[in-house]
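Trainee: The structure's right below; bear with me while I get my questions together.
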Amino acid sequence: MKIFYKAINMTLSMFTVIPLPKYEWDDRAAKHIMKLYPFIGLIIGALWYLSFFVLSKLNVPIMLMAALILTVPYILTGFLHLDGFMDVSDALLSRRDKETKLRILKDSTVGAFSVISVVLLLLVEFAGMFTVLNKNLDMRILIFIPIASRVINGYFIVSQEMLGQSSLAKFFKEGTGKVDEIILLGIYVLVALITFFTLGINYLIAILAMGLISFILLLKVKKELGGINGDVAGYILVLMEFTGILLLGII
């Protein structure tokens, strides 16, 4: 139980900005982090929905509400995944050879492609959120989107080849195996079923589309970079959640 509690603490500390007591890194607890990654999604999703609930009760104008709600998951994660999205976008859009792309990925300099990509992402995502709010959809979907994105992300991290000596390989992949993959896939199926029975078919389509786009992105990244790392995981996660919001605005 102590190890499990420490694993929760470690997971929250690594993937959110939620203040927690200081802890010492424990390799035994680290192997449980990916199984707990969906729990991070649940917390972020609950706070995401809570932000909508509070803002709607305050009668905040829809356009402003859309902008504020959109920032919540990014703020809660310390812009961790958005940073990865920018880095990978810079590498992939460079249209260089594999070695150059990997060098760009490691470069801390903010490139033009990363800036263009994040501006377009946030602009379209804002339009999607604004449309979703205008359509008076069931905003409980905000709870499920971050869970689904992190389930799939966790599955990729434990099942796919890592780029070089990625820190993810050392801290998260070691000590995991087929059982972890099955658990994460099982959670994704459970999330899809709960979404369908509580919200309906259109919301299920959004969750399934997130899964589909994630595998398409994974194939693209593996082809161009050769594997995944923390930045790639963030890139895929951001675009999964973007897909979920955008699709809800369309269907």
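Backbone N, Cα and C atoms are what each Cβ position is placed from, and that goes for glycine too.
The transmembrane segment feature in Swiss-Prot is assigned to 36-56, 60-80, 110-130, 141-161, 181-201, 202-222, 231-251.
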Trainee: Sort out the residues at least 6 away from either end of the transmembrane segment (231-251), same chain, that have Cβ-Cβ distances under 8 Å to it, and list them.
Mentor: 73, 80-85, 87-89, 105, 121, 124-125, 127-129, 131-132, 135, 137, 141, 145-146, 148-150, 152-153, 156-157, 163, 168, 202-203, 205-207, 209-211, 213-214, 217-218, 221, 225
Trainee: State, in range form, which of 36-56, 60-80, 110-130, 181-201, 202-222 has the highest count of Cβ pairs under 8 Å to the transmembrane segment (141-161).
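Mentor: It is 36-56 that shares the most Cβ pairs under 8 Å with the transmembrane segment (141-161).
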Trainee: Can you tell me which parts of the same chain pack against the transmembrane segment (60-80), counting only residues 6+ beyond its ends and a CB-CB cutoff under 8 A?
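Mentor: Same-chain contacts beyond the ends: 15-18, 44, 47-48, 51-52, 122, 125-126, 129-130, 133-134, 142, 146, 234, 241.
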